[in-house]
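Now, the feature entries from TrEMBL:
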ACT_SITE  B:D8  active site, nucleophile
BINDING   B:D8, B:D10, B:D173, B:D177  Mg(2+) binding site
BINDING   B:K150  substrate binding site
Number of protein chains: 2
Amino acid sequence: MIKLLLTDLDGTLTIDRGTYKLDLEAINSLRRAESSGVKVALVSGNSYPVLRGLYNYLGLSGGIVAENGCLVFYSGNSIITCDTVPRRLIDEFKAIFNLKESWQNEFRKADFGFTPAEINNEMIKWASERDLVVQSSGYALHLSGKPGGKGVGVRKLLELHGIVREEVAAIGDSKTDIEMFEYATIRGAVANADPALLKVSNVTLKLKSGRGVTEFIDMILR
Amino acid sequence: MIKLLLTDLDGTLTIDRGTYKLDLEAINSLRRAESSGVKVALVSGNSYPVLRGLYNYLGLSGGIVAENGCLVFYSGNSIITCDTVPRRLIDEFKAIFNLKESWQNEFRKADFGFTPAEINNEMIKWASERDLVVQSSGYALHLSGKPGGKGVGVRKLLELHGIVREEVAAIGDSKTDIEMFEYATIRGAVANADPALLKVSNVTLKLKSGRGVTEFIDMILR
């Protein structure tokens with residue numbers, strides 16, 4: 001029986017990929033899951049205060065994995081799961097690769113966002129030489145301390161819940177959700193998901209983004 | 001003609017006072033206002049990152065007045081409109097009056113939140129002796145630098161928009177919304193609003209909180 005639903009935010013709870021606009025019917029479906037005893041957790045590359053605000057105002061209770069896995073919040077406690085990154089390395093990364101910083105970087109601890117989202121080998125080399133991790137969500141580049149990635153945060157969240165993989169479902173749209181899928185028994189990819197995520201999913205939704213979330217929750221609650 | 005709708009968040013866009021749960025039909029109404037050419041701004045005591053997240057994901061475009069008036073965001077720029085408060089005064093206020101800090105204080109610049117929300121004369125005296133302002137929203141105590149209060153932020157937002165009072169509508173539920181009402185020609189108080197706000201409103205909604213917002217927007221768009 002599913003007790004926890006992990007959901008990505010951008011491209012998943014939104015009306016499409018590439019827009020911030022939440023699909024309100026999907027939010028309603030998350031609330032249906034909550035009132036049926038399935039706690040919902042947000043798992044995203046966004047900063048903690050942005051996600052905590054959404055979490056509170058959407059009415060969720062399953063916790064938060066913020067900063068692309070580097071910060072976990074559940075039941076009053078927040079935990080940083082990656083090494084923090086000195087500000088000078090963030091400035092250096094930005095300058096060398098001519099990137100624009102996310103407005104949220106000011107509110108982050110261990111994972112920092114930049115655009116454009118395109119990743120290249122020089123970036124990977126630069127990060128690895130400095131014991132850092134660089135990833136692209138398709139929406140932003142993420143530079144973080146080790147270990148980095150959604151997996152480390154999701155593992156910690158499941159530990160805080162005291163539940164196992166068999167009780168967890170997850171839904172997402174992008175490559176950064178692959179690590180989250182490793183901790184879920186039902187793994188839904190929205191219809192417009194990245195092919196790499198579709199490959200590791202076991203439920204391919206017919207509908208895209210937020211409408212796919214409603215389709216997925218209907219299936220879980222059936 | 002109304003070009004800008006100022007809306008409070010807690011107790012106004014929520015399903016009731018005293019809950020964080022957004023009324024999704026009210027959010028849908030805000031989007032209807034936006035697609036009818038009425039920009040919507042969030043005016044709240046919350047921190048900037050919490051409000052900016054909601055603003056982006058709800059799909060609004062009228063700007064943000066955060067930190068109970070002390071921080072204004074519109075069209076890519078954010079401006080601090082109050083004196084900032086040294087951390088030692090925040091700690092002192094908390095200790096003397098035995099208060100709990102808001103989790104958002106870490107992300108604030110000039111206005112800080114505490115609970116319980118009850119204000120007393122000693123607090124007002126303490127703040128005034130230190131050139132600070134203390135207010136209660138009914139949800140939290142706010143300690144801020146001068147001038148403080150939603151009015152200063154709303155005035156700056158209207159200036160950034162280049163619009164006048166005759167083009168502005170506002171809706172709220174609490175005493176802290178009184179200052180916002182000074183800058184609006186149509187001033188709606190939800191049915192469950194504080195009596196002090198009802199007194200300075202010119203539209204009293206039949207419905208409470210979020211349902212009152214839908215009622216108000218229907219009226220403005222008619």
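Cβ atoms are placed via backbone N, Cα and C, with glycine included.
Predicted automatically and left uncurated, TrEMBL annotations should be read as such.
Nearest to B:K150 (substrate binding site) in space, judged by Cα atoms and limited to the recorded positions B:D8, B:D10, B:D177, is B:D177. Candidate recorded positions: B:D8, B:D173, B:D177. Fewest other C-beta atoms within 10 angstroms, B:D8. Its Cβ taken as reference, B:K150 (substrate binding site) is surrounded by 30 other Cβ atoms within 10 Å in the chains shown. In sequence order, B:R17, B:Y20, B:S44, B:G45, B:N46, B:S137, B:Y139, B:D173, B:S174 constitute the residues six or more apart from B:D10 (Mg(2+) binding site) in its chain with CB-CB distances below 8 Å.
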